[in-house]
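Below is one structure; the comments refer to it alone.
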Amino acid sequence: MPSTYDIYKKLLLLASFLSASQAQQVGTSKAEVHPSLTWQTCTSGGSCTTVNGKVVVDANWRWVHNVDGYNNCYTGNTWDTTLCPDDETCASNCALEGADYSGTYGVTTSGNSLRLNFVTQASQKNIGSRLYLMEDDSTYKMFKLLNQEFTFDVDVSNLPCGLNGAVYFVSMDADGGMAKYPANKAGAKYGTGYCDSQCPRDLKFINGMANVEGWEPSANDANAGTGNHGSCCAEMDIWEANSISTAYTPHPCDTPGQVMCTGDSCGGTYSSDRYGGTCDPDGCDFNSYRQGNKTFYGPGMTVDTKSKITVVTQFLTNDGTASGTLSEIKRFYVQNGKVIPNSESTWSGVSGNSITTAYCNAQKTLFGDTDVFTKHGGMEGMGAALAEGMVLVLSLWDDHNSNMLWLDSNYPTDKPSTTPGVARGSCDISSGDPKDVEANDANAYVVYSNIKVGPIGSTFSGSTGGGSSSSTTATSKTTTTSATKTTTTTTKTTTTTSASSTSTGGAQHWAQCGGIGWTGPTTCVAPYTCQKQNDYYSQCL
């Protein structure tokens, strides 16, 4: 008789065969070659080092065909019922193919610049794209942003109403889910593992299995549909924008990392109960137009969308360390060498120019929005995701659900534009229909470039145009080392700051106590003093 150990070994072997037969497969027709994209990490001294990164297109955009041939598993917005009668069989029968980035998806890179075209006509018409920054060819780059700032340049001059060039972070797995879900044989190399705070149900594959069961083709999107399952995780929207409007928005979840949901319990855009899931689909947004300043962002405005914009986002903590609790998300812009603080909210009762718990509570109350932000953890919940590490997403898309009116027009459309929170941009409420923008704005595109990450105040420089009690001079020097082909940019900042008095009613140790746009306390509790780090951030030390 065979021993118990022999039976155990045979069972393990059988399990491995079953796992392979039911796995999400990889195609062999076209090699996957990731476009190169450089970016920089900076230090508190202002020295930035170039990193040779790459980008990968999301699995949802890829050709899915049978493993042994060239028959489509998915055509238009429907699955082949023979190849894909259920989730497991479909994953076994179908493979994700390598990508032709420029020819099929309209994605091109040059140095530190990434251009995404809106419509690309190849053998089929491609609409938009979603890409992820990679650590290497099989791993996404994970960013931990507490007590850090994230900076990039963007050109939105060719993004009209109805389009969204989005830069954001999501709590995907670094390997695309391969370790957690052995059925996933494609992994980050092929752009798998996507999730966000909408718990999207339009994904063709989740956790290594197809999402064919319960699939319903979209009524107004020839390329999409929804299945029984969704993929949830925390989301930090750094930049959702076109040439008319922009917003930045944290979206916490009960669990920061990726989890699969089922049916309407997913919540979000794809479910009948928007707030029925474990994530915050609305978030707490800062849109300058929605907050009352209608001349701050747009063509020819303070932040002029006819020209390239440098966007700076800072993630401040309560104690000024990476182990602290997220307390504030600040925004600056730089154009033509001038630093522009984010606009102030002009609504009575909703003050400030950054995202804080107080701002979010006041905004939700005034606008009458359902406060699921607090329900799912608020700033602390968002901070938990930032601490664990998140993947950078760079995308361009149109909106088959609400025509992007939530970003750039009046929304909801059945309320007067004078109602607080309804007016979000100057686009007409008839704008943004995907069939119109895809036909009339097919040549639209967005360019992202010059991505930098580092400690607060390390990734940008520029003049303030006056209004500061301190003088700041910034110079940059770029050198190239031939042996390593690494470019280093060094920024030296000289500041003169008057001492701040202490007070028992001042800011606590490590807290912010000054900077352009700061409206909080400017003194510190004894024995600490307010020490200037740069024109935009002073800290009690």
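Using N, Cα and C of the backbone, Cβ positions are placed for all residues, glycine too.
What Swiss-Prot lists as signal peptide is 1-23.
Annotated region 'Catalytic' per Swiss-Prot: 24-458, in sequence order.
Residues or ranges marked as active site, nucleophile in Swiss-Prot: Glu235. DSSP gives Glu235 (active site, nucleophile) a strand state.
DSSP classifies Asn293 (N-linked glycosylation site) as coil under the three-state reduction. Residues near Asn293 (N-linked glycosylation site) in space but far in sequence (CB under 8 A, at least 6 apart, same chain), listed by position: Ser343, Glu344, Ser345, Thr346. Swiss-Prot lists Asn293 with the feature N-linked glycosylation site, giving sequence analysis as the kind of evidence.
The region 'Ser/Thr-rich linker' annotation in Swiss-Prot covers 459-505. Averaged across the region 'Ser/Thr-rich linker' (459-505), pLDDT in this predicted model comes to 40.
According to Swiss-Prot, the compositional bias 'Low complexity' annotation covers 469-506.
Sequence annotations record features per position, and here Swiss-Prot assigns domain 'CBM1' to 505-541.
Cβ neighbour count for Glu235 (active site, nucleophile): 27 (other Cβ atoms within 10 Å of its Cβ, all protein chains included).
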